[in-house]
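Peer 1: Sharing the features that TrEMBL gives for it:
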TRANSMEM  12-31  transmembrane segment
TRANSMEM  37-61  transmembrane segment
TRANSMEM  68-89  transmembrane segment
TRANSMEM  101-124  transmembrane segment
TRANSMEM  136-164  transmembrane segment
TRANSMEM  208-233  transmembrane segment
TRANSMEM  296-322  transmembrane segment
TRANSMEM  328-350  transmembrane segment
TRANSMEM  362-382  transmembrane segment
TRANSMEM  430-448  transmembrane segment
TRANSMEM  469-493  transmembrane segment
TRANSMEM  499-520  transmembrane segment
Amino acid sequence: MFAVSSQILNLICTYFDFYCIFLSGSALIYLKGPKFLIYVSGALSMWGDRMWHFAISVFLIELYGRNLLLTAVFGLVVAGSVLLLGALIGDWVDRNPRNKVAHASLFIQNISVTLCSIVLMLVFSYKQRIEQIWDGWLTVVCYTVVIVLADVANLASTALTIAIQRDWIVVITGYNRGHLAGMNATMRRIDQVTNILAPLAVGQVMTLASNVVGCGFILGWNLVSLLVEFFFLSRVYRIVPALSVKAPVVELDQVYLQSTERRRSQGTNTFFYFPRIHRYEIFHGDGWRAYYRQPVFLAGLGLAFLYTTVLGFDCITTGYAYTQGISGSLLSLLMGVSAITGLMGTVMFTRLRKTYGLVNTGIISSCLHLGCLLLCVCSVFAPGSPMDLSLLMPYNSNSSTDFGRMAGQRQKHTYPLRGGSNQPLLPDQSYTSIILLFLGVITARIGLWSFDLTVTQLLQENICESERGVVNGVQSSMNYLMDLLHFIMVISAPQPQHFGILVIISVLFITTGHTMYFLYAHKAKKKRSLGT
């Protein structure tokens, strides 16, 4: 009996050993697979981007004082450059081998951030001396260098995003819609997790140490990340042969012949398979016309309208919160909470897509997004709101003294920034307004990211490979065009007392964007019903 039991035990142990070997083998295969390598590379890149985007807004506020003007100028330059060059960047992605595009974009992005961090370290360390050189003009030169380098890094990041998240993962998934949705959601979850940890890490470094140490932390991360990402992307390119194959270039004279024949044969004006065109023609508008003729044009344009907003954790919102007395540490925690809700949005997207389909998922997400943003509108009129419309009104010289005294009284929500530390959060005011604002912004991330994933997959599924880069480049330009408008609004009304007006305008633009998506959904359903 004991011998039988021993044999059974040995048999169980043998099967368990084989099972462990099988699991370890499967795990090893997955860890060496292209999906995992893309996830790790994306996580490193996103971590660096999140740290940099959080830190640069705080750095610019520190350098320029309580005003959001320099931060808005930075955003204006970044948005304007992508607006002008987005289509050309996308065409460059289309016309060059995938590995060269990824490596060049990665190198330019990380080196630009590294150089910018070095300049910021010098400015923070020798700010008083720099202000005395050339009657203060050296300070202007330093600001210009910082903004230019940050802008170059953002352009390279745009190219890398188009290449990896709009093209590579489509090829890696074998054009399978279910796998594509899963990989899109996973990439966005990684983005949200890094959005929790990266700002928290750099925010704690900046709060507990100094801005100089924060710059050094970002510098070191980018140098290490550059080497690891370069190796991983090279590995993915080698193990996925399809990545080395791209659609042939179709020149301009063939474009019109093919499109004319297609319209005659199909009896439609669709440019779903509109071939790729010359970079010069793209710059002059043909790339934009190709984007306009896409069947998902209204969905993409609706997503772009969502970028005209101050209701997100960008440099404007973080700068505004910083002027209101919120420390970098607390602000990074709030960004982490918003990332958690964004993570919930990615989970909701995958479940809604399986249950209701991709188009209906966008409708549900739109309604949820708009509903949460109503809390932000309520915050404008809630107790503790710093909004004061009288500051926008002109005044004459006779009343300048009274106006100065009144304006000084209205500044009680804004605190001086000394040595990177903030005053307590709203020590003598109601918490209602600031709570409603951040509650609306944070909860709205659920619907926002679910909607973003919906439109992203619609673009991936409905754009052919030969023009995937240029169309997504134009989409990036459209996003930044609308983003440009919100920076112009901030420049026109940079004081914290104006922020409530910007909140209302933002909600109007977001409502318009979702309305465009509703129109697209209606047309898509109508076309589907006629087709059946």
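From the backbone N, Cα and C atoms, a Cβ is placed for every residue, glycine too.
In TrEMBL, annotation is done automatically, which means it is predicted and not curated.
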Peer 1: Using Cβ atoms and a strict cutoff of less than 8 Å, what residues sit near the transmembrane segment (430-448) while being 6 or more residues removed from its termini?
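Peer 2: Tertiary neighbours of the transmembrane segment (430-448) are 306, 311-313, 317, 324, 334, 337-339, 341-342, 344-345, 348, 365-380, 382-386, 503.
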Peer 1: Under 8 Å for C-beta pairs, could you tell me which stretch among 136-164, 296-322, 362-382, 469-493, 499-520 has the largest tally with the transmembrane segment (68-89)?
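Peer 2: Answer is 469-493, with the largest number of Cβ pairs below 8 Å.
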Peer 1: Can you work out which residues elsewhere in the same chain, 6+ from the ends of the transmembrane segment (499-520), have a Cβ less than 8 Å from its Cβ atoms?
Peer 2: 296-299, 301-306, 308-311, 320, 362-363, 366, 369-370, 373-374, 376-377, 379-381, 385-387, 389, 392, 437, 451, 455, 482, 485-486, 489-490, 493
Peer 1: Give residue numbers and ranges for long-range contacts of the transmembrane segment (469-493): same chain, 6 or more residues beyond its ends, CB-CB under 8 A.
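Peer 2: Same-chain residues near the transmembrane segment (469-493) but 6 or more away: 68-69, 71-73, 75-76, 78-95, 158, 161-163, 166-167, 276-277, 282, 287-288, 290-291, 294, 300-301, 303-310, 316, 392, 459, 463, 501-502, 505-506, 509.
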Peer 1: Given pairs 6 or more apart, does the transmembrane segment (101-124) have at least three Cβ pairs under 8 Å with the transmembrane segment (208-233)?
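Peer 2: The transmembrane segment (208-233) and the transmembrane segment (101-124): touching, yes.
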